[in-house]
Amino acid sequence: MTDSSLNEKRGPEKDVETASSLDSDVGHRGVKAVEATHRVFGKYSIWALFISLGLAAYIYSLDGTTTYSYLNFATSAFDDHSLISTIQVAQGIVIAVGKPVIAKIADVQSRGFAYVLVLVFYVVGYIVIASAQRVQTVAGGIIVYACGYTGLQLLTQIIIADITTLKWRGLVSALMSLPFVVNAFVGSKISTAMLTGAGWRWGYGMFAILVPATILPLIITLLWAEFQAKKRGYITPRPASDKSFAYKVQSFASKLDLAGLALIGTSVALILLPLTLAKKAENGWKNPSMIAMEVIGILLIPVYLIWEWKFAKHPVVAKRFVTNRTVVLAALIGGFDFISFYISFTYLFSFVIVVKPWTLVNATYFAQTQTVALTVFAITAGFLLRWMRRYKYVLIAGLSIRLLGAGLMIHSRGANASDAEIVWSQLLQGIGGGFAAITAQVGAQASVKHSDTAMVTAVVLLVTEIGGSIGSAIAGSIWTSMMPDKLAEHLPFVDEATRAKLFGSITAVAAQPRGSPIREGVILAYDDVMKYMCIAATVFAVPPLIIALFMPNWYLGDSQNAVEGVDLAGNRVEEPGVAGEEAGLSEERGRVPATRTSVDVGAGVEVRGLDEKK
């Protein structure tokens, strides 16, 4: 008798028994809860889940298409515009180390509980930003909010991975980004109205109201499903524990590997932040604080590796991830891709505000060009994956187009370049990014068991976001080290105090009429500095394409992943094998009952890293 026929004959009592036994693995309690809730979702409740996911995706996109422009004006309000890169470095680090924490909470507790936690960070962060009286408070609020923002993005992708098979996952994931197309225009109108009316504070503050209103339906749906699964016996209650509160806290921290995350986060922060702060520090790089930060940051790297390898009971980057070629190469591609992206993007909005004779709303439209293209072509990639059932060549094509767009920016960023040219540079990067992002995400998730889906998504995004922080740090280093000198070169007739004001505030630059000697001098300075950023961005866009050539190419079928060979409810499915043998997976298959009838070694290699962009 085949496995599939056994599954068909298995009764509800056997289902309950299986769920109960699986639930004993408390380390993946959230995963078992998800598998159990598939049995309680009916026609209407599953639609309620998709609609509430759509609401969450909409508010996430509305946030992303409006608030990014407020930071330029918030920092300028405190005459510290150059601090943008420092804030983005810190934000990127929090986003990076926050993803594994959120993913582990979703696994150890439940998806619904993780959403509640994310919502709290979101609301508190925006309240802090909206009420800030110093730029440091703005930075602190953004860091708190970043925990919520990254959690919302990550959990939405985890839920999609929970409820979709591989052949549909790319398309459904891409469709969750569809609101970005609408909000590229709606968000631009809103942000322009806020900046010219109520101000950037209300631009941030309104999301402290909107986010709870749109996320609560999803939280209620998930918690309802978990309650129904427990009520029907699909999930066994958590056994009572006589352990002390201190022990429970220590155990929970161990499962989250908070020590490891603190080490890697601190190390990256100490290495990258001086790159954006050294120019403003007394004596620059000769300042002992700058040197100490770099030295300690570098020394913490081997400390982190030793901790993860020898002492961590539940390491974030588990050994099975390190030996999984798909995961490693996906993370590297994502990291390099984000380095390239953030080098050119960190000051791009400020650049077009100063250099181009565009209205504020048109500048905002331009800043959304890449996002719209990324969304549209991510959906296109989703259809291609559904049809092709493989994804490697879509990834390679995407990264090639992305490289072309990055290279085009070297010329199109010129003050006298045509508008069409600079818009096309963003469109090409968006087209390539859309292809690459979806294929990378599906590939990374396909290479691991369902119980590892959340963590492998978070680990790849951890490296990706660290890449974003590196990119922002490089951009900040170029900006802070070169811009004052370029302003002095092109504005020798302006006193140093005025040049410092122009350096610290784009509103001060925008107040200078176009065609005036000061405005034209600033434009030339911006043009010179952006040239170096675009060259650096193009250089870092090359490694992802090379790495993608060595990726395995998993078959995308009716299973939740390509390792276990089971559907969303845990029943076995028969499918073709993978194209390419994954390093380290033979051992994995030894532990997981295999259902593959063949392994297609001839097709070679698989796909890339993950990306949340932009």
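Cβ atoms here come from the backbone N, Cα and C positions, even for glycine.
Since we're looking at a predicted model, the values are computed, not measured.
TrEMBL annotations:
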type     : residues : note
COMPBIAS : 1-17     : compositional bias 'Basic and acidic residues'
DOMAIN   : 49-555   : domain 'Major facilitator superfamily (MFS) profile'
REGION   : 1-23     : region 'Disordered'
TRANSMEM : 44-62    : transmembrane segment
TRANSMEM : 82-101   : transmembrane segment
TRANSMEM : 113-132  : transmembrane segment
TRANSMEM : 138-159  : transmembrane segment
TRANSMEM : 171-190  : transmembrane segment
TRANSMEM : 202-225  : transmembrane segment
TRANSMEM : 289-307  : transmembrane segment
TRANSMEM : 327-353  : transmembrane segment
TRANSMEM : 392-410  : transmembrane segment
TRANSMEM : 422-444  : transmembrane segment
TRANSMEM : 456-479  : transmembrane segment
TRANSMEM : 529-551  : transmembrane segment
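By the Cβ criterion (under 8 Å, sequence separation of 6 or more), the transmembrane segment (44-62) is in contact with the transmembrane segment (202-225), since 3+ such pairs are found. With a threshold of 8 Å between CB atoms, the same-chain residues lying at least 6 positions outside the transmembrane segment (327-353) that come near it are 68-69, 72, 81, 84-85, 88, 92, 321, 360, 363-364, 366-367, 370, 399, 402, 406, 409, 413, 422, 429, 433, 436, 440, 443-444, 447-448, 456, 459-472, 474-476, 478-479, 506, 509-510, 526, 530, 533-534, 536-541, 543-544, 547-548, 550-551, 606-611, 613-614. Using a Cβ-Cβ cut-off under 8 Å and counting only residues 6 or more beyond its ends in the same chain, the transmembrane segment (82-101) has close neighbours at 71-72, 75, 135, 138-139, 142-143, 146-147, 149-151, 154, 256-258, 261-262, 264-265, 268-269, 272-273, 275-277, 280, 316, 342, 346-347, 350, 455, 457-459, 461-466, 468-469, 472-473, 475-477, 479-480, 483, 503-504. Of the ranges 113-132, 138-159, 422-444, 456-479, the one with the most Cβ pairs under 8 Å to the transmembrane segment (529-551) is 456-479. Under 8 Å from some Cβ of the transmembrane segment (113-132) lie the Cβ atoms of residues 30, 74, 102, 105-106, 138, 140-149, 151-152, 155, 201-202, 204-205, 207-208, 211-212, 215-216, 218-219, 222, all in the same chain and six or more residues away from its ends.
If one looks beyond the transmembrane segment (422-444) by at least 6 residues along the same chain, the residues whose Cβ comes under 8 Å of a Cβ in the stretch are 157, 166, 169-170, 173-174, 326-327, 330, 333-334, 337, 341, 352, 366, 369-382, 385, 391-392, 394-395, 397-406, 408-409, 412-413, 456-457, 460, 544, 551-554, 556, 606-614. Residues 49, 53, 56-57, 60, 63, 71, 74-75, 78, 83, 86-87, 90-91, 94-95, 98-99, 102-103, 106, 111, 114-115, 117-130, 132, 173, 176, 204, 211, 215, 222, 441, 453-454, 457-458, 461, 465, 612 of the same chain lie 6+ residues outside the transmembrane segment (138-159) yet bring a C-beta within less than 8 angstroms of a C-beta in it. Looking only at the domain 'Major facilitator superfamily (MFS) profile' (49-555), the predicted model's pLDDT averages out at 84.
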